[in-house]
Amino acid sequence: TQAVCAVGMFELQIHYFENPLGLLQNGDCCDLQAGGGQRCSARDQCDTFFKACLKEYQARVVPSGPCTFGLGSTGILGGNSQSLRHRGHDGGGRGEDGAIGHIVIPFKYAWPKSFSLVLEALDYDNDTSESGEDGQLIERVLLSSMLNSGVQWQTYRHHGRPLTLDYRLRFRCDSNYYGPFCNKLCRARDDFVGHFICDPNGSKVCMEGWTGPECKEAVCRQGCHQTHGNCTAPGECECHYGWKGPLCDQCVTFPGCVYGSCGEPWQCVCDVNWGGLLCD
Ligand SMILES: [Ca+2]
Ligand SMILES: [Ca+2]
């Protein structure tokens, strides 16, 4: 079995981008220049894709350097401009992937809330002769921000030259992880270790019939005597030695006691007009 170490995932969705002139950051055309020389070709537009580099919070984001928290990229999302629709506004099932402008970066540590992000729009080129780089830079977004964990998206807009961009971010805890930092583990179970589910804060909530801090103490039948009865499964009432009855609140008389009763186990207190050891 694989060790489960991830506590959550950082998610980025590209919503919309617009690069009306089809330019790179350096002012050149992504691809072909149109015949006249002034404009970039409308036919061979930019082949725009995005790369995200997530790192620890930096007051001034350094665009180079390692992506300490992880990295990811989208596929080619279209030409110069594109508006993307994402299935399910807030649901966001796990089926979504980079193909539609969705980047998921699994996160293995407690989510620190503050982070820095280097998000680059790049133009993909078919001819690999260019260089070792995987694309030419169209726009670079440098963001330092705070993000609370949850299913809610936080929306951002970048107004750049040449590209304007709408995107949104969220950080979601993996299943079994809870809390603002996604580092509180709670795994629902129903066995001898405990009988509980987890609430939205990751606290144990005992299943019906179970109690105690670990939810492994059974709740006995209602009315079951606190000291003379006991149970190992919910709703039961098992009597201690010398006690009987559905609620274990009746004492057992001395063996052979005929016309007598008890206040304590093993007594034989004779009824009126009866006598003897066995009241017979
Ligand atoms: Ca192109
Ligand atoms: Ca291209």
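Any Cβ shown, glycine's included, is placed from N, Cα and C.
The annotation domain 'DSL' is assigned in TrEMBL to 171-215. Per TrEMBL, the feature disulfide bond maps to Cys173-Cys182, Cys186-Cys198, Cys206-Cys215.
Here the features listed in TrEMBL are placed on the structure.
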| residue | record | Cβ contacts under 8 Å, 6 or more apart |
| --- | --- | --- |
| Cys173 | disulfide bond | Val7, Gly8, Trp111, Ser149, Gly179, Cys182 |
| Cys186 | disulfide bond | Asn176, Tyr177, Tyr178, Cys198, Gly202, Ser203, Lys204 |
| Cys206 | disulfide bond | His195, Phe196, Gly212, Cys215 |
By the 10 Å Cβ-neighbour count, the most surrounded of the disulfide-bonded residues Cys182, Cys198, Cys215 is Cys182
Averaged over the domain 'DSL' (171-215), the pLDDT of the predicted model comes to 94
Summed over the domain 'DSL' (171-215), the DSSP helix, strand and coil counts are 0 helix, 20 strand, 25 coil
